[in-house]
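Peer 1: Quick one: the structure is below, and I'll ask about it shortly.
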């Protein structure tokens, strides 16, 4: 299969490996993920109580599950694996004798899914900024948690009219009733 490959990439940061300033940036990113996951529990519970569309709840759960997966990696991966160096052909070992490569909250997130669907092509020379450079679709390496987040967000964007129709109708009905009551009070 030329369009799918498994890679082993330890991502030190966020999407596409973006980093936030050293050790403190890594802790800040992990704590942000922790706050987002805790908030996600209460937000999804609220969606269920308010009887939001089931599809929206499922999409929200996909986003939550992906965030939780990346959080678990960044909290514990550094504690239970040693550091790997892909250039030296050594892959991280589980539970090494000397301990992991990082302390709590300092772990990397492992990405492994790579889909180079379109390769060996170039941008046209007249194309702004990247003219003549190699073009590859889909270049990023990602994990199942990232895919879960992406699928949840994309599905919400695609089906937003269906997901939020009921709540919009309730809002308009409530607004209309209030306006009618106000007019009745003014007439009396």
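Yeah, the Cβs are placed from backbone N, Cα and C, and that goes for glycine too.
The following feature annotations were taken from TrEMBL:
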type	residues	note
TRANSMEM	24-44	transmembrane segment
TRANSMEM	56-80	transmembrane segment
TRANSMEM	137-159	transmembrane segment
Peer 1: For the transmembrane segment (24-44), what are the same-chain contacts with Cβ under 8 Å, counting residues 6+ beyond its ends?
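Peer 2: For the transmembrane segment (24-44), the far contacts come to 12-14, 57, 60-61, 63-64, 67-68, 70-71, 74-75, 105-107.
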Peer 1: Give residue numbers and ranges for long-range contacts of the transmembrane segment (137-159): same chain, 6 or more residues beyond its ends, CB-CB under 8 A.
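Peer 2: Long-range Cβ neighbours of the transmembrane segment (137-159): 7, 9, 15-16, 55-56, 59-63, 65-70, 73, 109-118.
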